[in-house]
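Student: Annotation comment: TrEMBL describes 13-100 as domain '2Fe-2S ferredoxin-type'. What TrEMBL lists as [2Fe-2S] cluster 1 binding site is C52, C57, C60, C82. Taken from TrEMBL, the feature [2Fe-2S] cluster 2 binding site applies to C122, C125, C157, C159. Marked as domain 'FAD-binding PCMH-type' by TrEMBL: 248-434. Per TrEMBL, the feature FAD binding site maps to L276, V277, V278, G279, N280, S281, E282, I283, F356, D379, K442. Residues annotated as Mo-molybdopterin binding site in TrEMBL: Q795, F826, R940, A1106. Annotated substrate binding site per TrEMBL: E830, F942, in sequence order. Here TrEMBL flags E1285 as active site, proton acceptor.
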Amino acid sequence: MPEKSTTGVGAKSDLVFFVNGKKVVDPDVDPEMTLLTYLRRKLRLTGAKLGCGEGGCGACTVMVSRYNPTQRKVLHLAVNACLAPICSLHGAAVTTVEGIGSTRTRLNPVQERIAKAHGSQCGFCTPGIVMSMYTLLRNHPTPDMEQLETTLQGNLCRCTGYRPILEGYKTFTKESHGCCGGMASNGCCRDYQCEQAANGNTGNEWDENVSKELFQVSEFLPLDPTQEPIFPPELMKGEGSDERTLKFVGERVTWIKPATFKEVLELKTKIPRAKLVVGNSEIGVEVKFKNCDYPFIIAPGHLPEINFHRYTEHGITFGAGCTITYLNDTLAEAIDTLPEHQTRLFAAIVEMLRWFAGRQIRNVGCIGGNILTASPISDLNPIFLSAGCTMTVMSHQGGSRVVKMDHTFFPGYRETALTPEEVMMSLDVPFTKENEYFLAYKQARRRDDDIAIVNAAFRVQFEEGTNVIKDVALSFGGMAPTTVMARNTANSLIGLKWDNDLLPEACSCLEDDLPLSPSVPGGMVEFRRTLTTSFFFKFFLSVQQRLNLKVGGLSGSVVPFDDVPPSYRSAYSLYHREPSQGTQMYQEVPKGQRRDDAVGRPIMHLSALKQATGEAVYTDDMPHIQGELYLGLVLSKKAHAKIVSIDPSEALKMPGVETFVSAEDVPGSNITGPVVKDEEAFATEKVTCVGQIVGAVLADTQAHAQRAAKAVVVQYEDLGPKIITIEDAILHQSFYQPVNKIEKGNLVEAFEKSDQILEGELRIGGQEHFYLETCAAIVVPHGEDGEMEIFCSTQNPTTMQMLAAKVLGIPANRVVCRVKRMGGAFGGKETRPFAITSVCAVAAHKVQRPVRIMLDRDEDMVITGRRHPFLGRYKVGFMSDGRVLALDISLYSNAGNSLDLSHGVMCQALLRSDSAYTIPNVRAVGYVCKTNTASNTAFRGFGAPQAVFFAESWIADVAIKCGISQHKVREINMCKEGDVTHYNMTLEGCQLQRCWEECLKQSDFLTRRRQVDGFNGENRWKKRGLAAIPTKYGIAFIGSFNQAGALVHVYTDGSVLVTHGGTEMGQGLHTKMVQVAGRVLKIPTSRIHISETSTNTVPNTSSTAASLSSDLYGMAVKIACETILQRLEPYMGKGSWDDWVRAAYFDRVGLSATGFYRTPGIEYDIQKNEGRPFSYFCYGTAVSEVEIDCLTGDHTVLRTDIVMDVGNSLNPAVDIGQIEGAFLQGYGLYTMEEQVYSPDGVLYSRGPGMYKIPGFADIPIHFNVSLLRGAPNDKAIFSSKGVGEPPILLASSVFFAIKDAIYSARADAGYKGIFRLDSPATAERIRMACKDQFTAQFPAAEPGSFTPWAIKL
């Protein structure tokens, strides 16, 4: 920005701050750069990760420390580095995960405990979690469990299920300080507690060879706060010492840090469009994702005029720059010290702030920013409006004035009553009066760290000594383009008594006051409107109860107040969650097993410590290569359109841009695809979905490349038809061929014999993989012979190699693909990364320079596809005793715009349509729908979660129809040894009955069933549900992919290098392979190393998927090691391993061997329904109990018990981690994770702001996992079983527990019989299924009479 544009401000300033104790001075900093980019690119500190770019996942968390001269102490704050502007760090000390410890020097206890507690799987989220916890301990060396769980609200993990993280960090808390640390004479005190919890106090006796500990607390390093790094003395400045105005100037943005508040006012007068930034939590998102342009930034957050609080006669005044954390802490202190009646507003704010964003956002976001961004779903603005708060604003020419926050404060969307020149100084938060009550409410997609769907704040004041309303204020967010007040309702209530006659009047008025168009942005119209009256009902009951508690009927009144019925009282209770806890049970290794034989032992993930210290290298962590360019993608904005023209001319003029790449630059074939060749590397004549790659821009930085890509102009001409949903595909008969079918028995005869027939239709939505590390690649051309080297994040290096070779027009032997590790994958990196590796390969070929890309979260979600949405239509014949005789089911999947793996997914769905039940007569037909959405792909479970959802739904409905308990109907139809499935495979070694019986006993199911029924009889507006779900999951690839290779080198020093075709994505595959090699070679695992997976060491690999990798690669490694051991046999008579190796070497014996394995007997013809599709089955059972809020749709998982058959576990810690992680991912699928599309095929839910995966507070409060004992599997390596996918199906137990609770709510309202509940069971679906007088008030608009804002695929 030109210097003259900032008249009155001096020359450019040096940025000065500290990182990990080292001083950084930068004279030429770019204000648009974030702290995260600066750390990773300029300082090469890659521990902090980019997970979302919007402060929603916490992967980028660092600690920022500043000296506060007012408080005279150093403040340590956890901060999202992805949002923190680098210029905001002037005068601060930044601590990253590298700065607190490393494997090369000394581990910090925070790093050690998460690793040894098995809380790091893929590890991409681990540094952020470590730094959140580290910051907590710097501020509170002995926190309590509530502080621990609160501090992790802003961090997400997709792998672990969170339990092991909490378990490891619980050892720092006050609650754990009573633990003996394993020093008690009879073992650790936790053993006894775990055993009691696991047994459910039912008298179960566990075998002596059952272990209950996955780690030893006594082995942990002690926490010593005195050993932490000191704050740089140079930054210990007193108040008023920083009197210089600072200016940082970049290509497009000028950042000014004024020395005085007067200067702020002058700048706002000269540059009214200048944005004031304190936390950047809103502006950062607007700039990155909404393409907003703010050329001038003023940063006044350090000025004392807006950083203070003071008590006044009427309340507390806060400076506008006070952070949300500061507001919360100050009000919490006031609540503890002032009379209760004065702090009811304060209590409402503090309660709301429990659910306000994550700790990292609260630490930097300020009061003024929260108000003046004028978000229509702000959590605080409804409170401030209902409270009638006032603010002081000031301008250079107009001086100061007081503005009341009322119905006129927000005149329009993102507008306030302030003029452009005015700056907010302070906010007055009033005391409440003794006869005044204040409460606030919020409903979101996820309870923690989520934006509201609807929020509300209610205040009522009564005439002294009566229950007559003197004044009332009702404010709402999420009901209009602004925060609104229901003024007509309030006016109509004044003068009325607070009694039962008031409620219908208020609800009727709210209906008129808060209309919503059926097409309103945000959708969920009936739900949002129902929440307004449901919230008021909660408020009504709460105030009614408080009035009764106050006087038990007013003094002088003839009749006491209407009492709140006991069954209604849970409706208004504040949410409280107990600290999470759980037990893990597994079988110990046999007595006599060698001490250095790690198989069956819960050893730590091999990379866990490196992941916890930030030393583990992911694709985008690799150092930049000389001459490297960054790739920015040009993506289609249309679902189905002809490409008229592509004009990159403006982009090519932009700074740092090298060239534009398109289909014209492809040296080989532009026609590509992982299974069939039905895709293009670059779209040419037309696009068939939003997010399809049209071209790419190469530039010197990511920012330049992405900015230029947005400047490429693509002209389109819409084509028809535009097929978005499954119903669209059915209408247009848009199916991929063939339409597969599995048929067994005589359906006509079976339906004739059936006592009853049930028909229905259900839908289950798709699911975003949301691996924390988005797809990334680096492609390096080597010049000679057209050689290319690809470093990428993929489960399938061979496919990346082959498709890159195809697009380059060279043989595959010229392309090497390498994978060190992935930050999660879950099937999403099996095929779809080829889109970016191929494009990068073309770009690298064109410029003959290395090319790098890492997709932003929104790009990844738009491009890479997801779990297939399914529609199921079924007909079930059954007897009155619950026996199912016949199933006729048609499955429809939304495959997207290319086939990818969709036929395989549908094949698996058809095979698993029986769930865990034996059905003698079955017809299952699968239609794979071709639509104009991004191609959907593999996801953990591969069609099974959808098929099982349908099966468990109709079997539950059969139970309702028969009047029999659901668990009895499941038992009647459950598979058993010797049964033949509908695909004609006989069950051998069936452990399903054992899992079921053990889980019911361990969970004390029958007793808790009675308790749930008792609770529901006593509560109208809170309901509990209980469900038990079995699973049967076949293990094998489809077709010829059941093969694996391995390569083992033994070096002359005795060390061993193992390479195999599987990839490490957090599932612990490399760890297990080292355990296998160690057992076979009879050496400690410390002597064995796995470096990476690469196509030039093990060729023609199958994808790492299908829960099969340990089986396949374990056998391949075993075979290779046995070959070497056989060669060493002549030398084993004397000496050690090292002696044998040296002797063999000098005898010129080969110390390198390959291993190859193919699973025997796997062949299946779906057309003939012949053969064996699976090698064996995994079995399991889960029992889950939930509690729902019938008025809001909110729910809590109170307890889950799982018994899982994993054969003889290779590594119980890894396997239990996989079970817990899969369960929680499935929980997200079935209850929370909802993809939102426009009718034009545009994905709205492109990041954690709208797409919610489960967080720390969503895990079951009691989470117990037990591995089935004494169930060896003779068909896999060392009698083990696959474990990655089967447990995801058990998460449906939560869905059906929720449905069980809804049945009770509907019965209370007079609704009997079965009802349809689609998946996911979101708050909206739960609330609207709990039919009552409030839902009846807002019927849905007639379909077809309006254009919906969003549709279901």
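Keep in mind that glycine also has a Cβ here, set from the backbone N, Cα and C atoms.
Automatic prediction, not curation, is the source of TrEMBL annotations.
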Student: I need the CA-to-CA distance for R940 (Mo-molybdopterin binding site) versus E1285 (active site, proton acceptor), whole Å please.
Tutor: 6
Student: What's the CA to CA span in angstrom from K442 (FAD binding site) over to A1106 (Mo-molybdopterin binding site)?
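Tutor: Pair distance, Cα basis, whole Å: 40 Å.
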Student: Over the domain 'FAD-binding PCMH-type' (248-434), what does the predicted model average in pLDDT?
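Tutor: The predicted confidence over the domain 'FAD-binding PCMH-type' (248-434), as a mean pLDDT, is 94.
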Student: Minimum Cβ neighbour count within 10 Å among the binding-site residues C57, C60, C122, V278: which residue?
Tutor: V278
Student: Just going by other Cβ atoms within 10 Å, which of the binding-site residues L276, A1106 has the emptiest spot?
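Tutor: Relative to the other binding-site residues in L276, A1106, L276 has the fewest Cβ atoms within 10 Å.
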Student: List only the single closest residue to C159 ([2Fe-2S] cluster 2 binding site), chosen from the recorded positions C52, V278, E282, Q795, E1285 by CA-CA distance.
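Tutor: That would be E1285, the closest of C52, V278, E282, Q795, E1285 to C159 ([2Fe-2S] cluster 2 binding site).
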Student: Across all chains shown, how many C-beta atoms besides its own are within 10 angstroms of the C-beta of K442 (FAD binding site)?
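Tutor: Within a 10 Å radius of the Cβ of K442 (FAD binding site) lie 27 other Cβ atoms.
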Student: Looking at the binding-site residues C57, F356, E830, F942, which has the shortest Cα distance to A1106 (Mo-molybdopterin binding site)?
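Tutor: Of the binding-site residues C57, F356, E830, F942, F942 has its Cα closest to that of A1106 (Mo-molybdopterin binding site).
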Student: Can you tell me which of the binding-site residues C52, C60, C82, C125, F942 is spatially closest to V278 (FAD binding site)? Compare CA atoms only.
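Tutor: Comparing Cα positions, the closest of these binding-site residues turns out to be C82.
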Student: What subset of the recorded positions C52, C82, F356, E1285 lies within 10 angstroms of F942 (substrate binding site) at the C-alpha level?
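Tutor: The recorded positions close to F942 (substrate binding site) (Cα within 10 Å), listed in sequence order, are E1285.
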Student: Per DSSP, what is the residue count of the domain '2Fe-2S ferredoxin-type' (13-100) in each of helix, strand and coil?
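Tutor: Once the DSSP states are binned, the domain '2Fe-2S ferredoxin-type' (13-100) shows 15 helix, 31 strand, 42 coil.
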Student: Starting from the Cβ centroid of C52, C57, C60, C82, the recorded [2Fe-2S] cluster 1 site, name every other residue in that chain with its Cβ within 8 Å, sequence order please.
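Tutor: Near the [2Fe-2S] cluster 1 site, the remaining chain residues are L36, K49, L50, G51, G53, E54, G55, G56, G58, A59, N80, A81, L83, G128, R857.
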Student: For the Mo-molybdopterin site (Q795, F826, R940, A1106), what does the 8 A shell look like? I mean other same-chain residues with CB within 8 A of the CB centroid.
Tutor: A825, G827, G828, E830, A938, F939, F942, M1065, T1104, A1105, G1284, E1285
Student: Find, among the binding-site residues listed as N280, Q795, the one whose Cβ has the highest number of other Cβ atoms within 10 Å in the structure shown.
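Tutor: It comes out as Q795.
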Student: I need the nearest neighbour of E830 (substrate binding site) among the binding-site residues C57, N280, E282, using C-alpha distances.
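Tutor: Among C57, N280, E282, C57.
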Student: Are there any residues in the same chain, six or more apart in sequence, whose C-beta is under 8 angstroms from the C-beta of C157 ([2Fe-2S] cluster 2 binding site), and if so which?
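Tutor: Long-range Cβ contacts: C125, I129, I165, L772.
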Student: Looking at the binding-site residues F826, F942, which sits with the largest number of other Cβ atoms within 10 Å of its Cβ?
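Tutor: For the binding-site residues F826, F942, the Cβ with the most other Cβ atoms within 10 Å is F826.
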Student: Which of these binding-site residues is closest to E1285 (active site, proton acceptor) if you go by CA atoms: C82, E282, F356, Q795?
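Tutor: Nearest listed residue in space: Q795.
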